[in-house]
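Presented below is the structure to which this report refers.
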């Protein structure tokens, strides 16, 4: 039978509930337990697929094609377990499900209310499909007191009574701020947060307290007394240099021991943390440093590229080097020469994106990398812009463009209207809805034997995750290949270009998919490991 850990947050948002959940999952896994992580999001969007990346951050795509919260990326990276669409739900999705049921008559004429219908829908989501797991960790988005989160708080309160005794534990993540004028950490915000949680009928078993310095023992006892938790259950969560230190830091503070004790699991299996120790050691003691320029259009919010950032650092871990990131707004290159910005970097990465804004700047970045022999990694939109650059400057197609930007004389990149998923033909139109209509999730690709990318993967058959509506037009393939650009990977039916490269370039690869979504600190993605290796070689030349 599965045991449930509910993680709530208080005082302020962005305290790191997702990292805490992921780290706890990793620690329980290290003891041999089977762990599942799920995220409950209070916003009214059905999913984050149509939300602005500068507001919400990255949309994390699962193998089965769900557009989910970026915290699922943390879950995957820390545990190595691939998430599914059933690991994330929003208030919007819950209400949509309920309205669909009401229209079908599933409620037999009953008045549909928040209690019991909304709360039952949440409880069903939390408890379904967990028979193969020892622990289910549920992160509740938002902060205690948010009106949007109230149905979720009520649902997990009810679950404390519905589930068998001893199978539900509540962890509350709070902030203990330091007041310079007083010269001390303050417990009052945490006390009030816990009181608000208790007023909702939820009594936390464990307090995970964020702080920027050691919490004195006297303050821990104070929190224990006023928040009604055991002294050992007041766990300090100190700031760390990087997120991959968190599992080891929380283990040192006893979080996993306290969770297991709350379930009555004593003595617990000893954890095997040697892999995490090795990762932390490689991060702390790099043997070199490389600088990677990220030429993007959402650089104002780094969370828009969360998985990408982490995958680059994974590449650094694989090569024992520190990866320094230079963020460049692509629109800059539409007005200025890219050379002063890119001459000293060791690699250029152009990530995914949508829309015409900044596209010409990305094309200029691709040209600089091609001509100057700087390692270039184009992902999704970044591959498309590299192909347009090749068409304009190598294949004598000066009007090459994408239909995403409007009518194009030479549509080198165009809207996909049909593609095959499994054995089914998928179709969409330009006038259709935006939500959930892209080529989403894991698709197979066939790599050309003897190409750089097939050597990197060590295989000609791969599966990677996609999120795009536009694709390189296969009608231009022959003209582009005659100029030296190789289409090194295609969809299994040979219709959709998946990867490109220049054989005479030290490292110039474009991929239509998002390899960053499958990279892990304990298992870096081969493309990122190879890209950082090439950047390390470049660093010896610059």
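Backbone N, Cα and C define each Cβ position, glycine as well.
Straight from Swiss-Prot, the features:
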- 380: active site, nucleophile (ACT_SITE)
- 514: active site (ACT_SITE)
- 516: active site (ACT_SITE)
- 13, 186, 187, 188, 189, 190, 191, 222: UTP binding site (BINDING)
- 13, 146, 147, 148, 186, 187, 188, 189, 190, 191, 222: CTP binding site (BINDING)
- 14, 15, 16, 17, 18, 19, 71: ATP binding site (BINDING)
- 71, 139: Mg(2+) binding site (BINDING)
- 353, 381, 382, 383, 384, 404, 469: L-glutamine binding site (BINDING)
- 291-541: domain 'Glutamine amidotransferase type-1' (DOMAIN)
- 1-265: region 'Amidoligase domain' (REGION)
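Here the region 'Amidoligase domain' (1-265) has a mean pLDDT of 96 out of 100. When the Cα atoms are compared, residue 381 (L-glutamine binding site) and residue 14 (ATP binding site) turn out to be 29 Å apart. For the pair residue 382 (L-glutamine binding site) and residue 187 (UTP binding site), the C-alpha distance works out to 48 angstrom. Just so you know, of the recorded positions 404, 516, the Cβ with the fewest other Cβ atoms around it within 10 Å is the one at 404. Under a cutoff of 8 A between CB atoms, and with a sequence separation of 6+ in the same chain, the neighbours of residue 222 (UTP binding site) are 187. Residue 384 (L-glutamine binding site) counts 32 other C-beta atoms within 10 Å of its own C-beta, drawing on all protein chains shown. Of the residues the record lists as binding CTP, namely 13, 146, 147, 148, 186, 187, 188, 189, 190, 191, 222, the two whose Cα atoms sit farthest apart are 31 Å from each other. The residues near the L-glutamine site, meaning same-chain residues not in 353, 381, 382, 383, 384, 404, 469 whose C-beta sits within 8 angstroms of the mean position of the site's C-beta atoms, are 352, 354, 380, 385, 402, 413, 468, 470, in sequence order.
If you compare Cα positions, residue 188 (UTP binding site) sits closest to 139 out of the recorded positions 139, 353, 514, 516. According to its DSSP assignment, residue 188 (UTP binding site) is helical.
All protein chains considered, the CB of residue 382 (L-glutamine binding site) has 26 other CB atoms within 10 Å. A separation of roughly 7 Å, to the nearest angstrom, links the Cα atoms of residue 514 (active site) and residue 380 (active site, nucleophile).
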